[in-house]
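Asks: My questions all concern the structure below.
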Amino acid sequence: MHSRLLLAALFLGFIALVSASAIPVQKRSFKVERRANPNFTGNDGLKALGKAYRKFGWDMPQNLKDALEVRKAADTARRAAAIAAREAAAQKKSRRSLLDILGELGVFGNNGNADANGDDANANGNGNAGAGSGRHHHHGQGNGQGQGQGQAGNGQGQAGGNQTQADPTAQQPASGQTGSVTNTPEGNDVEFLSPVNIGGQTLNLDFDTGSSDLWVFNTQMDPSLTAGHTLFDPTKSKTFQEIQGAQFLVQYGDGSGAEGTVGTDVVNVGGAVFNAQAVEIATEVTQQFVDDQQNDGLMGLAFSTLNTVQPQQQKTFLDNVAPSLAEPVFTADLKKGAPGTYTFGAIDSTAFQGDLTFVDVDNSQGFWQFSSESFAVDGGATQQATAGGQAIADTGTTLLLADPIIVNGYYSQVQGAVNDQQAGGFTIPCDAQLPDLDLDVGGKYVARISGSDLNFSPVSGNTCFGGLQATTQGGLGVYGDIFFKSQFVAFNIGNNTLGLAPHA
């Protein structure tokens, strides 16, 4: 009898297990908005070019080194002047406060009558209390005592008692404030941010398809580094767990980088959640990130082989969340002068013209890398670039950095274009009508870059810095945000391909 019951129970359990396993996992897609950071301070071509060279470890040409040194000296001097101005203003304010106090004490001829106008102060004077109004309470010890409209005494003593200050915490912003940037891009569309929720706390991060670390500004950093940033507080997250002994060190460009410790937490990007995502807790960041207020860190979307965590690399959010997506893909729909969108798990066919053309990606170096061996200017004849030339699609780089053959060939068709040694790269007349540039992508697709997007930023007078600049000879091309302004791009992590089409 018991054996029959046992067999029946096992059979029912087996049926339940089969039924449960047959329930499909609900897969989904989601969108994340990408908006310009209006406080980004690095909006000039020279810094953008230096950033890219350092990010990828390229040897800089001497003229670029010299130009960056001049800029660094100027920035240092400007920063020192700003600090001096703030200190002078603080001293002036301190002196003004002292004069106000002395005046209230009657030193400058108030005949011992304390000013009784204001809120929330108590004055205990040894002279005569003045006519009170508002919420002051005066307890004079001289010839008159008044509360509210009290009589003024006739003595000339000083009303020099204690005055209490308002609670200083009431004047300070609450810690952990969050905010989203909703205005349209400015400052040459140099940096864009997207909201990411980590352990229940929302930060604005820069999505970067050219790196593979997720790191954040946080409460463990020196306060001198964190002004204007939303800080992740690990102690306020119920789900944060430190990875003992793990550290990271990532370098991007223009000397920028970050280092610190590592933990895991629940990360939510537009509704897609991964419960144990590696989150890198910066303890040191370089000045560029300090100055870029409202940028609270970076989320790398390249392949996990680029992750810098030691002693054991960690997977990117994209790698971790891919199995739960409706399709193993994310798209970048990034436009000039307007908010853009990252979509994970689906391809919005209304966002581009025609059909997507997919090209193979070589991810052996961790990048979204493809061949790029030819070009054309203004719809003209196709010209050969370096045989075997390679490039990557990188949302974390501002400029379009290409084979020197492509760059020289393009600017040879622009009247007034100069490879300016002092500026550190090619400059153009700001009022030039720039031709379009056609670039080979993967041998299967030609991406047309609008000439209007290649006029990047002012240098001086009528001279502007070109948005197209050269890599090192034979180096890897980096097709950054200027490329994305003209092209809708789909990153397929399922079969390692890129899909491209012009924006709708």
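Heads up, the Cβ atoms here are built off N, Cα and C, so glycines get one too.
Positions annotated as signal peptide by TrEMBL: 1-20. Under the heading compositional bias 'Low complexity', TrEMBL lists 117-126, 161-174. As annotated by TrEMBL, region 'Disordered' applies to 117-194. Per TrEMBL, the feature compositional bias 'Gly residues' maps to 141-160. As annotated by TrEMBL, compositional bias 'Polar residues' applies to 175-186. Marked as active site by TrEMBL: ASP208, ASP394.
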Asks: Using C-alpha atoms only, work out the spacing between ASP394 (active site) and ASP208 (active site) and round it to an integer in Å.
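Replies: If we compare the Cα positions of ASP394 (active site) and ASP208 (active site), the gap is 7 Å.
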Asks: For ASP208 (active site), which residues in the same chain are close in space, meaning a Cβ under 8 Å from its Cβ, but six or more apart along the sequence?
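Replies: For ASP208 (active site), the qualifying residues are LEU298, MET299, GLY300, LEU301, ALA302, ASP394, THR395, GLY396.
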Asks: Near the Cβ of ASP394 (active site), how many other Cβ atoms are there if near means within 10 Å?
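Replies: Neighbour count, Cβ to Cβ under the 10 Å cut-off: 29.
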Asks: Can you tell me the three-state DSSP label for ASP394 (active site)?
Replies: coil
Asks: Check the DSSP secondary structure of ASP208 (active site), expressed as helix, strand or coil.
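Replies: Reduced to three states, the DSSP call for ASP208 (active site) is strand.
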